[in-house]
């Protein structure tokens with residue numbers, strides 16, 4: 001079948017997570033809590049960092065931008081999933097489906113690059129502490145954030161440019177709760193082997209290169225920390241543990257999907273839930289519960305508001 005500029009499919013049917021009404025109600029309750037908690041948690045982190053002068057450092061500037069990306073990631077598909085739990089037929093327009101693919105890969109690509117920037121920040125702070133304030137200035141942080149968004153958007157556009165022109169003439173059922181790129185590509189009415197390889201190469205390259213860069217950076221940092229014995233090193237180790245935890249939990253599912261992107265198992269659907277719904281919750285939980293500076297700033301902000309209400 002020849003390529004056409006206009007798709008015969010005007011909408012896709014999302015099969016969701018389960019056909020059981022009881023399970024869907026259970027999922028709605030759980031994911032509603034996770035969604036609200038992740039959005040509020042990340043908003044609180046941004047408010048705390050922007051309102052406390054003691055957190056006016058490159059690390060917290062990058063952390064607040066990570067929170068912003070997580071807020072965006074929480075909203076690209078989760079609200080629709082929550083609403084769809086109450087509908088038997090879960091549909092999404094062709095344009096809405098393409099928008100979900102674009103947003104997902106933009107946010108994930110941006111977050112990968114931002115995690116690398118945060119690792120670089122910790123590398124300079126621990127391995128070159130005397131030059132930290134000179135190297136990690138606000139201008140460099142803004143450049144890091146800009147590059148993160150640029151890479152994420154370009155990564156996404158490179159996928160979407162080929163996907164949107166594929167002829168879709170049926171079937172139109174996507175076995176997920178959102179439009180996942182590999183699942184949508186499989187529905188095209190042409191042989192998509194070359195595009196599957198291109199998708200694997202594109203996504204796999206950015207995820208594996210970022211992951212390896214992070215592993216190398218944190219290995220060097222950990223070796224440096226081990227050669228020191230001070231309270232500062234203990235604090236640095238605590239911060240590193242939080243960063244490494246986020247990296248493992250974020251990259252684990254991503255690398256799994258890019259190694260076997262077109263060979264789906266039943267567990268894949270629930271891994272999709274993890275990296276789209278649960279991952280944005282990692283940031284406020286790990287960074288707020290493990291970071292003494294953030295907790296201290298949180299209590300100061302709380303006490304300030306309590307005193308304001310009393311007066």
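Glycine too: its Cβ is placed from the backbone N, Cα and C atoms.
Note that TrEMBL annotation is computational and uncurated.
Note that the structure is a prediction, hence the values are computed from the model and not measured.
Residues annotated as domain 'G-protein coupled receptors family 1 profile' in TrEMBL: 41-287. TrEMBL lists 25-48, 60-78, 98-120, 140-162, 205-225, 237-259, 271-289 with the feature transmembrane segment.
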Task: Other parts of the chain folded back onto the transmembrane segment (25-48), taken as Cβ under 8 Å at six or more residues beyond its ends - done: 17-18, 55, 63-64, 67-68, 70-71, 74-75, 78-79, 81-82, 85-86, 273, 277-278, 280-281, 283-285, 287-288, 294, 297-298, 301
Task: Leading contact stretch, 60-78, 205-225, 237-259 vs the transmembrane segment (98-120) - CB distance under 8 Å - done: 60-78
Task: the transmembrane segment (271-289) and the transmembrane segment (205-225) contact flag, 3+ Cβ pairs under 8 angstroms - done: no
Task: Same-chain residue ranges lying at least 6 outside the transmembrane segment (205-225) that approach it to Cβ under 8 Å - done: 109, 112-113, 115-116, 119-120, 122-123, 126-127, 151, 155, 233, 236-237, 240, 243-244, 247, 251, 254-255, 258
Task: Averaged pLDDT score, the domain 'G-protein coupled receptors family 1 profile' (41-287) - done: 85
- [ ] For the transmembrane segment (237-259), could you work out the same-chain residues 6 or more beyond its ends whose Cβ comes under 8 Å from its Cβ atoms?
- [x] 59, 108, 111-112, 115, 118-119, 122, 182, 200, 203-204, 207-208, 210-211, 214, 218, 221-222, 225, 268, 271-272, 274-275, 279, 282-283, 286-287, 290-292
